[in-house]
Amino acid sequence: MAAPERAGPGDAAAAALDELSRNLSYWAPGAGNGSLSGAWYRRNQIHFFGALLGILGNVVISISLNIQKYSHLLSAQREHPRPYFKSVLWWVGVLLMAVGETGNFAAYGFAPVAVIAPLGCVSVAGSAIFSVMFLKENLRASDILGMTLAIAGTYLLVNFAPNITQAVSARSVQYYFVGWQFLIYVILEILIFCILLYFHKRKGMKHIVILLTLVALLASLTVISVKAVSGMITFSVMDKMQLTYPIFYVMFIIMIASCVFQVKFLNQATKLYNTTAVVPVNHIFFTTSAIIAGIIFYQEFLGAAFLTIFIYLFGCFLSFLGVVLVTRNREKEHLQQSIIDFGSIPGKQMLDKIQPDSNGLSYGTLPDGSDSTKSQSGEKKEV
């Protein structure tokens, strides 16, 4: 009997290329690992449904944000503004926000983390579109390019993400929870979190990278627990009740606690830095952290071809670049720096103007930086 032939590197490369060709052939009857072919739809309808839920959820979130902002603008234009919580339009935005977040939560029960987590770029791109409709903002060339890249990246993410079918039951979550990969990951994450927290609290370091890294480390636990809770609820509805297992409530507590502290550090970042800096950096850090968490905890890329992983990561890069282009310099175009002219104030005569100092703690400084003013006679008077 002849010995079986061993597959060499050339055979592996040829197999990967065949896999890629199947991935890009629509409605072809091939196996298609991570393809959008007809076979992909037939075998992975649940994953496609989860991705669709995630996309729709993020679109609804972008609509809700614009509606809430529009209600604030309407209130500010009134002669006697009412509190925002008395506006029907604001409550419509809040309701839509709840619907969108519910869609995102449910999406984790049907599709892998690697599919759902990067779809946050849809919310950013959608906000740019709906701001033209609701807020009458201008659609810039960078917005169009950014939305195009985000859509292309989303296509590649959904197309080449792992299509491993996972029934997230209580027993599977328990198995992953005590696995050595996750235990090492949690120990390293806690160590890094404590070091960053020490520099943030004791040393007073409030750099955007430190704050958003803290957010990302918490977000990885949020994503793991959200998928576990959503998956066990989905499994309970479709197969067998899982809500009686203690691991469900352990994951639920982790989900709530990580969300609360995540919002706390994110609010600190938004207070210290512009939204145009916080949104893209947070999206990149959150998505990267979520993908790593999905790889380690749920082993989502186990057995995936190298070419598939490469194109998936390229899709992530396109979505990141799209978010950066959409958010770049957006606030600077709408915020006008105010200048106070003391010449228009009764009893004051000055030719100079005071410009707000963005780098200092005081509101403004004189052009020559002195702490004195000149009277009409030209004599210097100490302030």
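For all residues, glycine too, the Cβ spot is worked out from N, Cα and C.
As annotated by TrEMBL, transmembrane segment applies to 46-67, 88-107, 113-135, 144-162, 182-199, 211-235, 247-266, 278-298, 304-326. Residues or ranges marked as region 'Disordered' in TrEMBL: 352-383.
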| the transmembrane segment (304-326) vs the transmembrane segment (144-162): 3 or more CB pairs under 8 Å | yes
| Intrachain residues whose Cβ lies under 8 Å of the transmembrane segment (278-298), provided they are six or more past its termini | 112-114, 117-118, 120-121, 124, 166, 176, 179, 181-182, 185, 208-209, 212-213, 215-217, 219-221, 223-224, 227, 266, 269-270, 316, 319-320, 323-324, 327-328
| field | Long-range environment of the transmembrane segment (113-135) - Cβ separation under 8 angstroms, sequence gap at least 6 | value | 47, 50-51, 54-55, 58-59, 61-63, 65-67, 69-70, 73, 104, 107, 143, 146-147, 150-151, 153-154, 157-158, 161-162, 223-224, 227, 279, 283, 286-287, 290-291, 293-295, 298, 300-301, 312, 315-316, 319-320, 322-323, 326-327
| Given the transmembrane segment (247-266), which of the listed stretches 46-67, 88-107, 211-235 has the most Cβ pairs that are under 8 Å apart from it? | 211-235
| query | Counting Cβ pairs under 8 Å that sit 6 or more residues apart, are there three or more between the transmembrane segment (182-199) and the transmembrane segment (211-235)? | reply | yes
| query | Under an 8 Å Cβ to Cβ limit, what residues of the same chain, 6 or more beyond the ends of the transmembrane segment (88-107), are close to it? | reply | 50-51, 53-54, 56-61, 63-68, 70-72, 74, 116, 119, 226, 230, 234
